[in-house]
Amino acid sequence: MSSQDMLKNASTLASYNVLLQVMFRVLTFLLNAFTLRFVSKELIGVVNVRLTLLYSTLVFLSREAFRRACLSGGTDHNWRQVINLLWLTLPLGVLWASLLVCVWLWLLEVPDPLTIPHYGPAVGLFALAALQELLAEPLWVLAQAHMFVRLKVVAESLAMVAKCVLTVVLVVSAPQWGLYIFSAAQLVYTGFLVLCYFVYFLRFLGSGEANRKYFPLQCVADLLPSSVEGEPVIDWTLARLTWSFFKQSFLKQILTEGERYVMTFLNVLSFGEQGVYDIVNNLGSMVARFIFLPIEESFYVFFAKVLERGRDVRQQKQEEVAIAAEVLECLLKLVLVIGLIITVFGYAYSHLALDIYGGSLLSSGAGPSLLRCYSSYVLLLAINGITECFVFAAMSKEEVDRYNLVMLALSISFLLLSYMLTWWAGGIGFILANCLNMGLRILHSLFYIHRYFLLSQWTPLRGLRPSPLLLLALALSAVLTALSEGVFCCDGGWLLRLVHIAVGAGCLLGVLVTVLLTETKLVQFVRTQLLPRYGKKHT
C-alpha cells in the first residue's frame with residue numbers, strides 16, 4: 001500500500017472516528033443531563049470517577065501497549081504470532097482485575113451504603129465488563145491495521161445506543177437500584193462491542209472480499225491462539241516493544257487520569273464535589289475528545305506506517321517523509337486554530353453553558369471557573385495529542401525506553417502538584433497541574449520533532465504559527481464576548497441570553513471567515529483529507 005493510500009485511509013478513519021466521537025459525546029452529554037434529574041450528584045461522582053477509573057485503568061493497562069506495538073509497521077507481520085501476542089491481554093487483564101478489585105474494595109473509602117448502595121457488586125461488575133471488552137482485542141487490532149473503518153463506527157455506535165437506552169429505562173423505572181443500573185449498562189456496552197466484532201469476522205473470513213484483499217487469516221480458527229512447528233509462538237521483537245510501551249503506558253495512564261487518582265486515593269474532594277467536577281470536566285473536554293482524540297488515533301496509524309521507526313530522516317524514503325511532514329504541519333495548524341477558538345469563546349460562555357445544562361447545581365459555585373480554566377487547557381491538550389502522536393510513531397525502542405524516564409518524572413511531579421494545588425484552589429488545582437505537565441510534554445515533543453527534521457528541508461513546526469490576522473480576529477472576539485457576558489448574561493432572562501449568544505455567533509463567524517481567507521493550506525487539507533465527501537481525493 002502506497003503512502004498516499006495510507007494517508008487516504010488514515011484520513012477516512014479519522015473522519016469516521018470524529019463522527020463516532022461526536023455521537024458518543026452528544027449521547028453522553030444528553031444522558032448526563034437526563035440522569036442529573038433522577039440521581040444524586042454523589043452517585044454520579046462514584047460512577048463517573050471511582051468506578052469509571054477502575055474500568056479505564058484495567059482496560060488501558062491490559063491492552064494499550066499491545067495496541068501501539070502491534071500497529072507499528074502496518075500489515076507486514078506474521079499475523080499468527082501477532083494474534084498469539086494479543087491474546088495475552090486477557091490473562092494480563094485477569095491479573096490486573098484481581099489486584100484492582102482488592103484495592104477498590106478494601107483500601108479505598110467505601111461510600112455510605114444508605115446513600116449509595118450496592119458498591120461492592122458494582123466494583124466486580126465493572127471489572128467484569130473490562131475483561132469482556134478484552135475478548136475483542138485481537139479483532140480490534142486486525143480491523144485497525146487493515147483499515148476496516150466502518151466496523152469500529154458500527155460496533156461502537158450500536159454498543160453506545162444500547163447502553164444509553166438501558167440506562168434511561170432503568171433510571172426512570174427503577175432508580176432504587178442505584179449502582180446496579182450503571183453496572184448493567186456497562187456490561188451491555190462491552191457485550192455489544194464484542195458481539196459486533198465477532199459477527200463481522202465470522203462473516204468476513206473466507207469470503208470473496210477477504211480473498212480479494214489478501215487478508216492474512218483464512219478461517220475462524222486463525223483468530224485463536226495457535227502455533228506452527230519451527231516458528232516462535234510470538235514475535236519477540238514485538239513482545240520487547242510491547243514491554244517498552246507497557247512501562248510507558250503505566251505512566252501515561254497516571255498522567256491522563258491523574259486527577260481521578262488523586263480524588264480517589266487522597267480524598268481531597270467529597271463524592272458530591274467529585275460529581276460536579278467530573279460533569280464540568282466532561283463538558284469541557286467534549287470537543288477535545290470527539291475531535292482531537294480520533295484524529296490522534298487515526299494519524300498515529302498513518303505515521304507508524306509511513307515512517308521507519310528509529311531511523312534517521314535522511315535514511316528513509318524522501319517522498320514518504322515529505323508527506324509525513326506536510327501532514328504533521330497541517331494537523332498542528334488545525335488543532336491550534338480549534339484550540340484557540342475554544343479558549344477564546346470558552347471564557348465568555350462557560351457560565352451560560354453550565355446554567356443551561358445543569359441549572360444552579362452547576363452554574364453556581366466553582367463550576368464556571370472550572371470550565372473557563374478547562375477551555376484554556378484544551379489548547380494544550382490539542383497540541384500535545386498531535387505532537388506525541390508523531391513522536392511515538394517515530395521513536396526507536398531505545399528512545400521509547402528513555403522517554404519512560406521523562407514520563408516517570410512528569411508523573412511524580414503531576415501527582416505532587418495536583419495534591420498541593422487542590423488543597424489551595426479546589427478543583428481548579430487539578431486543571432492547573434494538568435496545564436503545567438501538558439506544557440512540559442509539549443516542549444519535549446517539540447524538541448524531538450525539531451531534531452528529527454533538523455537536517456532535512458522540512459519544517460512542520462511552522463504549523464504552530466497562526467496568521468497575524470487570525471490572532472487579531474481572536475483578540476477582538478475575546479474582548480467583545482467578555483463585554484457581552486458582563487452586560488447580557490446571565491440573570492436577565494432568555495432574551496438577553498439570546499443577545500449574548502448572537503454576539504458570540506457573529507464573532508465566531510468572523511473568526512471562521514478569517515481562517516478561510518488566511519489559512520488556505522489548512523482549508524485545502526481539511527477539504528481533501530478530513531471531510532468524508534472528499535475522502536477519495538489526495539492532498
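Just so it is clear, glycine is given a Cβ too, placed from its N, Cα and C backbone atoms.
Unlike curated records, TrEMBL annotations are generated automatically.
Residues annotated as transmembrane segment in TrEMBL: 12-31 (among others).
Residues 32, 35-36, 92-93, 96-97, 100-101, 104, 108, 111, 115-116, 119, 122-123, 126-127, 129-131, 133-134, 178-179, 182-183, 186, 246, 249-250, 253, 256-257, 260-261, 263-264, 270-276, 278-279, 282 of the same chain sit 6 or more residues outside the transmembrane segment (43-61) yet have a Cβ under 8 Å from a Cβ within it. Feature annotation from TrEMBL assigns transmembrane segment to 43-61 (among others).
Residues or ranges marked as transmembrane segment in TrEMBL: 82-107 (among others).
Annotated transmembrane segment per TrEMBL: 119-141 (among others), in sequence order. Beyond the ends of the transmembrane segment (119-141), by six or more residues, the same chain brings 46, 51-52, 54-55, 58-59, 62-63, 66-67, 70-71, 82-83, 86-87, 89-90, 93-94, 97, 100-101, 104-105, 110-111, 113, 152, 179-180, 182-184, 186-187, 189-191, 193-194, 197-198, 200-201, 223 to within a C-beta distance below 8 angstroms of the stretch.
What TrEMBL records for 153-174 (among others) is transmembrane segment.
Nonlocal intrachain contacts for the transmembrane segment (180-202), taken as residues 6+ away from its ends with a CB within less than 8 angstroms of a stretch CB, comprise 47, 51, 55, 118, 121-122, 125-126, 128-130, 132-133, 135-136, 139-140, 142-143, 148, 151, 154-156, 158-160, 162-164, 166-167, 170-171, 174, 220, 223. As annotated by TrEMBL, transmembrane segment applies to 180-202 (among others).
Counting only same-chain residues 6+ beyond the ends of the transmembrane segment (334-354), those with a CB under 8 A from a CB of the stretch are 280, 283-284, 287, 291-292, 295, 362-363, 367-369, 371-372, 374-376, 378-383, 385-386, 463-464, 466, 470, 474, 477-478, 481-482, 484-485, 489-490, 497, 500-501, 504, 507-508, 511, 515, 519, 522, 525-526, 530. Summarising the annotation, TrEMBL assigns transmembrane segment to 334-354 (among others).
For the transmembrane segment (374-393), same-chain residues at least 6 beyond its ends with a Cβ under 8 Å from one of its own Cβ atoms are 68, 72, 280-281, 284-285, 287-288, 292-293, 295-296, 299-300, 303-304, 307, 309, 324, 328, 331-332, 335-336, 338-340, 342-343, 345-347, 350, 400, 403, 431, 434-435, 438-439, 441-442, 445-446, 448-449, 464. Sequence annotations record features per position, and here TrEMBL assigns transmembrane segment to 374-393 (among others).
The annotation transmembrane segment is assigned in TrEMBL to 405-425 (among others).
According to TrEMBL, the transmembrane segment annotation covers 431-449 (among others).
Residues annotated as transmembrane segment in TrEMBL: 469-488 (among others). With a cut-off of 8 Å between Cβ atoms, the residues of this chain six or more beyond the transmembrane segment (469-488) that come close are 337, 340-341, 344-345, 347-349, 351-352, 496-497, 499-500, 503-504, 507-508, 510-511, 514-515, 517-519.
Per TrEMBL, the feature transmembrane segment maps to 494-517 (among others). Long-range neighbours of the transmembrane segment (494-517) within the same chain, counting only residues 6 or more positions beyond its ends whose Cβ lies under 8 Å from a Cβ of the stretch, are 337, 341, 344-345, 348-349, 352, 467, 469-470, 473-474, 476-477, 480-481, 484-485, 488, 523.
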